[in-house]
Amino acid sequence: MATSQTKELPRPQLFTVMTRYIPGLVLTGVITGLALNVGDMPWFINMGLGALTLAILFGIIVGNTLYPWLQPVCSDGVVYAKQYLLRLGIILYGFRLTFQQVADVGATGMVIDLLTLSSTFILACWLGKRVFGLDQQTVMLIGAGSSICGAAAIMATEPVLKADASKVAVAVATVVIFGTLAIFVYPWLYQLNLHYQWLPFSQETFGIFAGSTIHEVAQVVAAGHAIGPDAENAAVITKMIRVMMLAPFLLLLSAYLGRSRIKTSGEKREKSAITIPWFAVIFILMAGFNSLNLLPAVWVNHLITLDTILLAMAMAALGLTTHIGSIRQAGVKPLLLALLLFIWLLVGGTGINLFVQHIALV
């Protein structure tokens, strides 16, 4: 006699995806919504604390309180946000830039940015390894955040380095501390120099100095606004050129790490040895596309808003997976490294700005 067996039908793939990823994405979305709303408050705007910084801060708070109970349900979505939404956010970051902005500042601004970026990152690597004995991941993350564009640069460098979440959080913390300090120090230095006339800085050239040396875009805007409109415009454009240098920086870093691994392991060179961060390449392409002005300004603004949301979700995910104990274990050395880099950006950045501007006038 034939017996009939009832087999359980497989769940639809869409349902499986939803149950795996949606809870974590919702959690990061809620944290992002809170960060966006709080970041729009005047006090936080004046402090230069944008949505990205607040998202990782709120993420760390939730990650070290409620998340251990939510992790079994939310972990897949959180990891997805930290990896894939981050890359998409970096790609869409290109819509904040145009090649016309580069032309507005000219060769002088580009050379200042290039010299400041390269000298700061090289100094970070030397000090971090030789003086403080820090690991390569921490050193390069702090170097990227200090020399390029703060938290966004750290997050973009993370997949190239395959860095631990705790090290990323430490690097972001240094950017927040000294970038926030810059918001108050730079306007004070401008007024001091305006009174004593120590250095030949106009409001515009001081804006270029601020844009080439302050960590975060939001911090540049806050400091420039406190100085004056000419300084703010020059600072933001100069900062955007630094942001544009993120993509070639990631490509060079990836090539360097690939060659270092070959040299260390003694293996033969293979095509797969050097990993190309394609999201960085597409980032440049998006900036080029945006330079053509093919999309209406309203669409571009929507894409920028979407980009902020995606990056904030990635930062929230990073915060959720960061343990405060791991940050404590990092000790004071990363903070001291970031402090020395901040001093270099102030002193060395002043020298670079004055030197390049002097050469341009000759």
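First residue shown is number 1, and so on along the chain.
Keep in mind that glycine also has a Cβ here, set from the backbone N, Cα and C atoms.
Annotated in Swiss-Prot:
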type     : residues : note
TRANSMEM : 21-38    : transmembrane segment
TRANSMEM : 48-70    : transmembrane segment
TRANSMEM : 102-124  : transmembrane segment
TRANSMEM : 139-161  : transmembrane segment
TRANSMEM : 168-190  : transmembrane segment
TRANSMEM : 240-257  : transmembrane segment
TRANSMEM : 278-300  : transmembrane segment
TRANSMEM : 305-327  : transmembrane segment
TRANSMEM : 334-356  : transmembrane segment
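Sequence-distant neighbours of the transmembrane segment (334-356) (same chain, 6+ residues past either end, Cβ-Cβ under 8 Å): 108, 111-112, 115-116, 119-120, 123-124, 127-128, 132, 134, 138-139, 142-143, 146-147, 170-171, 174-175, 177-178, 181-182, 185, 189, 199-200, 205, 208-209, 212-214.
Residues 139-140, 142-144, 146-148, 208, 211-213, 234, 237-238, 241-242, 244-245, 249, 337, 340-341, 344-345, 348-349, 352-353, 356-357, 360 of the same chain lie 6 or more positions beyond the ends of the transmembrane segment (102-124) yet place their CB under 8 Å from a CB of it. Long-range contacts of the transmembrane segment (168-190) within the same chain, counting only residues at least 6 positions beyond its ends with a Cβ under 8 Å from a Cβ of the stretch, are 47-49, 53, 56, 60, 138, 141-142, 144-146, 150-151, 154-155, 158, 201, 203, 206, 210, 213-216, 219, 222-223, 226-227, 231, 315, 318-319, 322, 326-327, 330, 334-335, 337-339, 341-342, 346. Through the fold, the transmembrane segment (305-327) approaches residues 24-25, 27-29, 31-32, 35-36, 51-53, 55-64, 67, 74, 78-79, 81-82, 85-86, 88-90, 92-93, 95-96, 151-152, 155, 164-166, 168-170, 172-173 of its own chain, all at least 6 residues removed from its boundaries and within a Cβ separation under 8 Å.
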